[in-house]
Amino acid sequence: MSYYKILNLEHYFKMYKKSVREPRKFWDKIAEENFTWYQKWEKVFEFNFSEASFKWFVDAKVNITKNCIDRHLARRGDKTAIIFEPNNPDEEALHISYNELYDRVARMANVLREQGIQKGDRVCIYLPMIPELAVATLACARIGAVHSVVFAGFSASAVAARINDCECKMVITSDGSYRGNKSIDLKGIVDEALEKTPCVEKVLVVKRTNTEVTMKDGRDFWLQPLLDAAIPNNVAEVMDAEDPLFILYTSGSTGKPKGMVHTTAGYMVYTAYTFKNVFAYEENDIFWCTADIGWITGHSYILYGPLLNGATTVIFEGVPSYPDFSRFWEVIEKHKITQFYTAPTAIRSLAKESLDYVQRFPLKSLKVIGSVGEPINEEAWHWYNDHVGGKRCPLVDTWWQTETGGIMISPVPFVTPTKPTYASLPLPGIQPVLMDELRNEIEGNQVTGSLCIKFPWPSIARTIWGDHQRYKETYFTAFPGKYFTGDGALRDEVGYYRITGRVDDVIIVSGHNLGTAPIEDAINEHPAIAESAIVGFPHDVKGNALYGFVILKEIGETRNQDNLAIEINQIISNQIGPIAKLDKIQFVSNLPKTRSGKIMRRILRKIAEGDFSNFGDTSTLLNPEIVDEIKNGRV
Ligand code: PRX
């Protein structure tokens, strides 16, 4: 019987039950039959929730890139591994075969070694969506260096903070990047970041935009000549199952980003398994995920998941609106994409434009369409399902997180009937539960609660880099013995899950997680500002937008508030990145605070949403009179 591929609904239920009753046997079979190992495991897993300790495929030895590349060469050497679709549609797309990918990754791996990178060293990759991003990432994994890919939209300070947190020895970047009709000076941003990062010894620079850049002697090197001189062969490093594969930063409820650590074997097994099933992947499919490799979606479903299955995966450098709003649909048609995976915010922004943009293309190659990153609202779901999926392609609404490594709750196409706005059922191996405020598990259906997972799965993040205590506190203390996701969810009458959104201080704006604390910290650095509070409010395209309530130091500050608002957004842009800018800023004389000094955000959220109907219990407020003032001054 097939364990790797879910065949139909009955088989799904059978596999699900098996994964719960006999998790060791279930994962043992999948890991044994579908990967190449240097050495098998002693135990499938061991864990301890109270210590937040998880180990999978204990003592196994493996290299993920051997599984992504080498083992396909005999049968699929000439098959396209990566299609690179450039920002400008007039530039030719590139098809990189598995043989060529091997050559490129081997050379890059050798360059990294020659430049002093060893197993366990951290390498920061700050690149646009070009093939070198995939190659550099895989080359790190090849030699056992831990990659820390930083999304190339982050500012210099954000890059510096991430580099310093995990003490990267090297940065791999490019002269610049293209995004629509703009180009961005990436090397300049890196130079600025590196003023504050003593740990970085070398910088390798890819030429992409031919922008003039400053190269620091002895530190900065153009990559291409090094690659040309390198040997196109490389023996993959033997990695322990639990050796770290990568660090990926995500926002949290304090100012410091959390470096989520993923390890090798469990991540490999789980991303491969979920890619195969959630996208109903078959040998000749052409898979396109529009995320950036700088986010977990790109790590797991542009790179690792597809390559582990020997698939053809697309790297798209551009944006959905350039040269016009038909760009996505044109690319689907051009490359005959079979699975298309994107975010609700992109769907909402394209659904606002003329239908003609999408209707011009038959999109007959599509088989499965997917959504990820935030709740997909009913209207966007139907637009996507009807106009892109032609009501014939299953729409998989996939719920998961940076911390989970892979997709957790999702329909399996052609197996699980879809229901608008529902992520539907957990994948085999995943045991979700809803918890009430008293930390009791809520049984039965048609209920809502805090979403937790009560049994480990192979790709659960293992720790926060350098701060295991924070990892424990963030995910394992609110509901002892369980992993707390930070999301709220509802379970319908048949057991389908619908994710309702974050229940903590993280706001998802255009699919990007933004912690309120880092934004508030940035604003509070402005010399005229005493304090601030950020909340989210619903936005047609972004899902949520940010509303800032700001207290000035000097009551009656005479400076123009419009100018101050511009300065506030400038600081946020510099400290975090343009994605975190505020849509609305209201200057207030105070914030609603409890007697213990906590800001009552619930009230601010209601005001930002324009819902003045019921502020709930305000009796614990120290300054209840402030509520009216803020309400009347809403912008
Ligand atoms: O709130 C959930 C939301 O995105 C959060 C995770 O964000 P991140 O770590 O950036 O990973 C995004 C890509 C996996 C979750 O806690 N989220 C993700 N997918 C969905 C979702 N909310 C609703 N429906 C989804 N399908």
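Using the three backbone atoms N, Cα and C, a Cβ is placed for every residue, glycine included.
Residues or ranges marked as domain 'Acetyl-coenzyme A synthetase N-terminal' in TrEMBL: 12-68. Looking just at the domain 'Acetyl-coenzyme A synthetase N-terminal' (12-68), the mean pLDDT is 98.
Residues annotated as domain 'AMP-dependent synthetase/ligase' in TrEMBL: 70-461.
Positions annotated as domain 'AMP-binding enzyme C-terminal' by TrEMBL: 519-598.
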Report the DSSP secondary-structure composition of the domain 'Acetyl-coenzyme A synthetase N-terminal' (12-68) as helix, strand and coil residue counts. 30 helix, 15 strand, 12 coil
By DSSP assignment, list the helix, strand and coil residue numbers for the domain 'AMP-binding enzyme C-terminal' (519-598), in that order. 24 helix, 28 strand, 28 coil
